[in-house]
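Below is one structure; the comments refer to it alone.
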Amino acid sequence: QAGPNDLQTKADRLVQMSICASLARKFPKVTIIGEEELPADDVTEDLIEDGHCEEILKKPCPAQYTGIKEEELVIWVDPLDGTKEYTEGLLDHVTVLIGIAYGGKAIAGVINQPYYNYEAGANAVLGRTIWGVLGMGAFGFQLTEAPAGKHIVVTTRSHSSALVNECITALNPDHVIRVGGAGNKIIQLIEGKASAYVFASPGCKKWDTCAPEAILHAVGGKITDIRGNSFQYNKEVKHMNSAGVLAALRNYDYYASRIPNTVKESLVP
């Protein structure tokens with residue numbers, strides 16, 4: 001009898017094999033860092049994606065990136081973000097994250113929601129892809145700001161703790177939304193369902209934040225750790241974001257100024 005964790009691992013591994021092998025074949029010099037440890041076996045051809053999106057290729061590359069060499073890029077892959085929710089059937093929480101970093105900075109990202117619209121009935125189009133590049137913008141969704149004057153905080157659904165809750169209480173929010181997945185939380189910000197994403201805990205990894213960061217920054221938002229430090233995405237960096245996450249589409253400084261020092265001191269980068 002396979003439990004949810006076995007299903008999760010198999011789904012994770014197959015998705016990661018497909019993404020990483022397809023990218024490595026097309027861009028052999030990039031560094032690819034994924035959540036799952038993978039055997040170096042040959043991947044079957046049916047997992048290789050060799051197509052491309054004409055719509056994206058029509059857009060001009062921002063000038064600051066035209067001279068980048070392939071070997072200077074690091075791609076961070078989370079094949080299944082919101083795994084616990086996936087195994088519980090909360091399919092709208094699930095995202096596939098591919099983030100591209102250059103010079104240690106997240107510059108482009110893809111958030112795929114494979115089950116988007118899954119509750120909308122048999123004729124609904126299932127799934128969507130949100131993507132963005134710094135200097136170009138972000139696409140695949142309708143950018144919306146949270147209601148003015150409301151402080152709606154989105155936070156973890158399955159990794160709560162006293163520190164997480166102390167931090168949220170200090171912000172005195174009008175409403176708290178608890179959902180799974182870092183990708184899903186950034187979607188709440190850019191679609192105006194939440195005004196801040198606050199997670200005062202270690203646990204989030206670089207492959208959770210790279211793609212969402214690029215998309216959020218491409219539309220003028222901001223994401224840091226709880227102490228206000230930017231995330232670094234060079235290939236040597238440690239994978240854990242051990243000082244948590246603080247993000248907002250607008251009014252980042254308002255939320256940053258209200259994080260208690262006790263919380264900041266408890267989280268060491």
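Glycine residues also receive a Cβ, built from the backbone N, Cα and C atoms like all the rest.
TrEMBL lists Glu35, Asp78, Leu80, Asp81, Asp208 with the feature Mg(2+) binding site.
Cβ packing within 10 Å was compared across the binding-site residues Asp78, Asp208, and the lowest neighbour count falls to Asp208. Same-chain neighbours of the Mg(2+) site beyond Glu35, Asp78, Leu80, Asp81, Asp208, judged by a C-beta within 8 angstroms of the site's C-beta center, are, in sequence order, Asp12, Val77, Pro79, Gly82, Thr83, Thr95, Val96, Leu97, Gly181, Ala182, Gly183, Lys205, Trp207.
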